[in-house]
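Notes follow the structure.
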Amino acid sequence: MSLNKCLLFALLAIVASASVSAERVRYDNYRMYKVNSENAKQLEVLKDLEGSSDSIMFLDGVHLVGADIQIIVAPHKVPDFLEILGKSEIKYELQSRDVQKSLDEIDEKVAIKGRATTAYNWAQYYELDDTYAWLQSLAQTNPGVVTLIEGGKTYQGRSILGVKITKGGETINGKAKPGIFLEAGIHAREWIAPAAATFIINQLLTSEVENIKELAENYTWYVLPHANPDGYVYTHTTNRLWRKTRTPYGSCFGADPNRNWGFHWNEVGASSSACSDTYAGPSAFSEIETLSLSKFIEGLKGKVQLYLSLHAYSQYLLYPYGHTSDLPDNVADFEKVFDASIAAVNKRYGTTYTGGNIYDAIYPAAGASVDWAYGTQDVRMAFCYELRPSSTSYLTGFKLPAEQIVPASEELLDSIVAMATEVKSLGYFD
């Protein structure tokens, strides 16, 4: 039996054993509030509240005075929550009286399990094992072009599976092709990110559009659709809004895998509370997922010139740094690539992206993968996409309707084509 087959069967066995029946988390009569701090004292109150109870869920990090924060509150916690806000004179706005009802309004269309190897498409979302089976089928049907790769492991023993694509070989005129690394799904609830990653894989292998063919043939691609498999499985079996890994920390679970990378870890924009959605972990690379994936990427040092991380939502394009407002030394080039990329994303459907450096464009966030890649791996171009929908979508932002998978992915690929063209023109692929 081939290594690829052995790996796949082991993966599916692990997934099957881990997917035991669990009571699905529901949010009936949970309320969602938008709050906004007006001063540092109010911000500290919110920081203390974040991670204080699993009955109060912050959908946004508590980082900046004046920034809107979405908070989901269990029915029995509402009186205490409002009392705390009232005592500190923190302004709030009720956005949903029944979070579950709001979530149910979006039909995400999840594919029937076990059908993916013959009917994988982008009209629906897929569970982890079906996507892994599809990746395996690509390696089998595209020998010499697609290689199954294991980017790392998870706490629950799953593999972080992806593909290496070398269309036309790994060299051009005797020289190694530049490398593009793409990871998605590091935050479990952001389903559109893995879906877009698989769409890109398919387009690289099948598209007859000239600029996409050039993108496939001129670069070596490393694509990992699920950088947080345990968390993604948990969003399907138990809690659709789960974000973190599934490592146990006392009575709470998981660390934020995009605050856990070993570059200015936990300096700003992360929490030290294990119950928080932005928990940085007890130490840098405490999570098996980030540690093992970082080791894989370190093995590619010198081979990757462009690093991409797919997230959702808000329609942002972001570049380093997240730990400081100081700008990269090649910020002028980042701005040129940024301008070309957001112009391209707008052309097909008129979708508007904004962004810039992470710290100033959205919020401080140390320990992110793009910062680590740029800061430690000599990857001079590193970007994070926050995909559809827009930042005003609030609660339903993580539940992009399945009919938007294709347009969201098409405009993303348009942007990546323009990005690669600009990065090449600036000499980073030389």
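Keep in mind that glycine also has a Cβ here, set from the backbone N, Cα and C atoms.
Bear in mind that the values here come from a model prediction, so they are computed numbers and not experimental data.
Positions annotated as signal peptide by Swiss-Prot: 1-22.
A sphere of 10 angstroms centred on the C-beta of GLU190 (Zn(2+) binding site) encloses 26 other C-beta atoms. In three-state terms derived from DSSP, GLU190 (Zn(2+) binding site) belongs to neither a helical nor a strand segment and is classed as coil. Residues or ranges marked as Zn(2+) binding site by Swiss-Prot on the basis of sequence analysis: HIS187, GLU190, HIS311.
Under the three-state DSSP scheme, CYS252 (disulfide bond) falls in the strand class. Of all Cβ atoms in the shown protein chains, 16 besides its own fall within 10 Å of the Cβ of CYS252 (disulfide bond). Annotated disulfide bond per Swiss-Prot: CYS252-CYS275, in sequence order, evidence recorded as similarity to another entry.
Around GLU386 (active site, proton donor/acceptor), a 10 Å sphere centred on its CB holds 24 further CB atoms from the protein chains shown. As annotated by Swiss-Prot, active site, proton donor/acceptor applies to GLU386.
The Zn(2+) site, placed at the center of the C-beta atoms of HIS187, GLU190, HIS311, has further neighbours from the same chain whose C-beta lies within 8 angstroms: ALA184, GLY185, ILE186, ALA188, ARG189, ALA193, ARG243, ASN258, LEU310, ALA312, TYR313, GLU386, PHE398. Note on proximity: among HIS187, GLU190, GLU386, the recorded positions of the record, the Cα nearest CYS275 (disulfide bond) is that of HIS187.
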